[in-house]
């Protein structure tokens, strides 16, 4: 379905390019639109046909392009008009040859066949060519001055340069869609999917979340209810004079200052115990022990 619509749009764009390359006079456009209005007002007239291959499974036929003012006698021709006399290809409208240039590719008539097989004709640009999404046989497209209220193209008065002023309104989505609309809808779904995936990557993974503890409250007291028990800090001094190794062990109070050298400090706070538990069981405390050989030092 989308491929058929894209093909119709492409053919319509070719018509627009031909008009821009060699624009037609405003008088010729007005007469062509008047003739088209007469056909639209009389649906009982003979309907236009074109030679084409059989339609595919989609039910849409290939468009037939017929140039106005392109050949014989200098008179512009358009398909599907006339009150009885017509050949297989074209029918003369009787416009004066001076209105259109003989070498111009001219205004092109674009034909679209709906699902019911009826031809829909219009002198309009590609944006106004829409294929109905339903299979209703009565739903046909019209063009020209007497377009239906569902049409999205209104051809206004021609300007001084000979171009037709076209006011394009938004096409109702419920009635049909163009190939560009299909592409836009697919692109929107892709962008939405990418947006959801990017949001999912921002979620923190379970088991790898870093929980930072809150900062401490300065109003709370820093001291605990139970005071820290004072104790002793074990000090060891090794002296080697080249012959023997002297080892001294003792405990300094916890309130004493730690220095680089070895000192025997005293308690200044009055809360440290006189003798710690380790000093009570260690027989080498406050006793200098010397060893003649290094392997004799216990580990």
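We count from 1, first residue shown onward.
Placement of Cβ uses the backbone N, Cα and C atoms for every residue, glycine included.
Owing to the predicted nature of the structure, the values given are computational and were not obtained by experimental measurement.
Per Swiss-Prot, the feature region 'Disordered' maps to 40-98 (among others).
Under the heading region 'Interaction with host STAT1', Swiss-Prot lists 110-120. Looking just at the region 'Interaction with host STAT1' (110-120), the mean pLDDT is 65.
What Swiss-Prot lists as region 'Disordered' is 134-174 (among others).
Per Swiss-Prot, the feature compositional bias 'Low complexity' maps to 134-145.
Annotation source Swiss-Prot lists region 'Disordered' at 204-230 (among others).
The annotation site 'Interaction with host STAT2' is assigned in Swiss-Prot to 240 (among others). Neighbour density for residue 240 (site 'Interaction with host STAT2'): within 10 A of its CB lie 11 other CB atoms from the protein chains shown.
Annotation note: residue 246 (site 'Interaction with host STAT2') sits in a strand segment as assigned by DSSP. Taken from Swiss-Prot, the feature site 'Interaction with host STAT2' applies to 246 (among others).
Per Swiss-Prot, site 'Interaction with host STAT2' is recorded for 248 (among others), and the stated evidence type is similarity to another entry.
Residues or ranges marked as site 'Interaction with host STAT2' in Swiss-Prot (evidence: similarity to another entry): 250 (among others).
Reduced to three states, the DSSP call for residue 269 (Zn(2+) 2 binding site) is coil. The Zn(2+) 2 binding site feature in Swiss-Prot is assigned to 255, 267, 269, 272; the stated evidence is similarity to another entry.
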Note to self: Just to verify a number: CA distance, residue 250 (site 'Interaction with host STAT2') to residue 240 (site 'Interaction with host STAT2'), in angstrom, no decimals.
What the structure shows: 18
Notebook entry, point to check: Between residue 269 (Zn(2+) 2 binding site) and residue 246 (site 'Interaction with host STAT2'), what C-alpha distance do you get in Å?
Noted result: 31
Notebook entry, point to check: What kind of secondary structure is residue 240 (site 'Interaction with host STAT2') part of, going by DSSP in three states?
Noted result: strand
Checklist line | Neighbouring C-beta atoms (10 Å sphere around the C-beta of residue 272 (Zn(2+) 2 binding site)) | finding: 20
